[in-house]
């Protein structure tokens, strides 16, 4: 039992940290609220979908920026998608970078775009790691027989 | 000789004498018989003859006389007794009739004579009537002339035409030789020859106004004969052989506009006159008749009226031109003002963003800096930077707020809040400064002051803080007391606030707050200036008159928005002052509602929508999944589509709502297609757009393609719930952006 309580506290602290550092925002809480008995794995499903989607988009973006003649409109569309997805799950930092990315797209600034792409990739991998850690913690709690504390 | 029965004449008849008698008697008889015949004949011819009986008598008389003479013819020779008898009878009858006639004639002849006198009388009467008729005709002619003249004169409103026409028409009507008009000059000391009939260009000939003849004419309103030798009548060079015709002069009153402003007709003393001089043709021996003089007088009056009309018209046209000019100028000024306001608003909108960004950076970074390790000196510097930038931020906010207040575009954020807590908060904020200055601050909240109220918490606090802050700022000693209570209707009406008409009602109350301090006080005449922007009171004692001078102006605006009134009372410099304001706040309906800061609408919304068929259209997998889960959580039956075609394929009449992300390329197009597919309004599902864009363009586009609502992403469960309930209730929702 102690370990469960400890794990729960760890989870809560970790979650709080993610929020404080700006990796996640209120939208993530909303997602957690949607999760209930009828749909117990909702958050995991959504986040997994997000990961798949984002990876695909990032590949597309890399490819598009390597072209001879860069199609900014396509890039903009991809970034828009990424921005939408990240805001839907509350990945705040990714979303912020996407906004900057779009500005560079509008200005047709190739260096800016490339820099943003690197930034997005970086932020994405960060948030992915964090979320995976979070889910592992949740699994551990469930395995130990406890329940996941709801966000406050 | 035997005696015969025949009667013999007395003496022997002489043959010749007898013959002549015989002939004469014959002719007499003839005449006597023919006269009645003639009489009868002529009387029959004449229509009226009153004396028929007389005629008969006379006829009888004549016939009998004729008969007598006729019978006399037989008596010249030997005649029988019968003849004598007949003769005698005839004679007797004749005698009777002639006596009768003679008697009758006595009666008749006076009558006949009087007929003659009557005839004479009638003839005289007829002659008199003829004369009078002639007179009337002349008068009527004159009248006609006057009417025609008046008509001519009054048919124009141009002054010159009026005068010229007058002279021309008068000249024609009266067959004048010369007609002239003398107008008074500006100085009023002379008369100047302004118009003449014959001479085309009158020389600027003047005569002094004080001549006796002129005075005489001006003193009466009749046309007067004047001497042809007087200066006003000497218009043509006199040649010897001319015997100048008679001259008449009449005054023409010149009425001024100002004369018509008083109710009764203007006094004579203030009048100016012009002089009209009319000359009959020389050598014509014509004289001025009375009716002609009357004509001239009437014309002169008409001219006066016509001239005044012309003057009024000129005046009104001038006024109208002036007004038009003023209008144009005002319009121009208004447009300039509008441009200025627009420019200012644009400027403010830009500065809003531009100013806040660096401010934000400065404040954020300085506060961050404060958290790091600093030397005491550095700390002091950073604290000063922070304080100053906070002040600057407040100033910027104030200026922007004020401009929004002035435009009327500021609206209160109404909400339920803890009233007591507001006062406590303000007290907490002010206590540090007050204690540094050693000013005790006391707060008195009336027991009947409601705990919770509905109003704009932030701005109310701002107002209270400002007022109390001023009290603290301008006090060096003494205490500051704050009282707050519910204002009853008697205390609401204050003589110092004459145009404040509070209307108490059931779900509102008036909060009255009084802040009294014993500080510098204010000169009573300066009090109104306090509430005007940027105006400082010129008190020598204050060296630290910080503040932009905006604070109270903003407070006043806030208080006005809250349908209240704010004022300051002070007895003078050094006697402290008291700031009082009254604002209208709402009373919350029940305490449970007051605890959550949402607007009361949340009560009558649905919490779940069981079985509501919703279609979600979004090309982003993650968003789609999240939106779907949101709706499922609210109990809806959700179908998803990831493209426009799929959406149109799947959508049916059962779907009540379609949520579509308009960030996708053909989001708007999908809405249009949906409208085409469902032509009847009640079959069509409600279309709601989800977007992350906050700009007006997106909203306008949504409205243009016929969306029923727009929601801003990110959407929370509560937001989706309230949106759906609002949408289903009213069938439209447009979230204010």
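Glycine too: its Cβ is placed from the backbone N, Cα and C atoms.
TrEMBL assigns the feature transmembrane segment to one of the listed ranges (B:92-113, B:114-135), namely B:92-113. Residue B:470 (ADP binding site) and residue B:661 (4-aspartylphosphate) have their C-alpha atoms 52 Å apart, to the nearest angstrom.
In the three-state DSSP scheme, residue B:661 (4-aspartylphosphate) falls into the strand class.
Taking 8 Å as the upper bound (exclusive) on CB-CB distance to chain A, the recorded positions B:517, B:552, B:713 give B:713 in sequence order. Tertiary neighbourhood of the transmembrane segment (B:53-72): same-chain residues 25-26, 28-33, 35-36, 39-40, 43, 83, 86-87, 90-91, 93-94, 97-98, 100-101, 104, 108, selected by CB-CB distance under 8 Å and a gap of 6+ residues from either end.
Note: residue B:69 (Cu cation binding site) has non-local neighbours B:25, B:26, B:28, B:29, B:32, i.e. same-chain residues 6+ apart with C-beta under 8 A of its own C-beta.
Over all protein chains present, the Cβ of residue B:473 (ADP binding site) has 18 other Cβ atoms lying within 10 Å. Of all the recorded positions in the record (B:65, B:661, B:713), the one with the smallest CA separation from residue B:471 (ADP binding site) is B:713.
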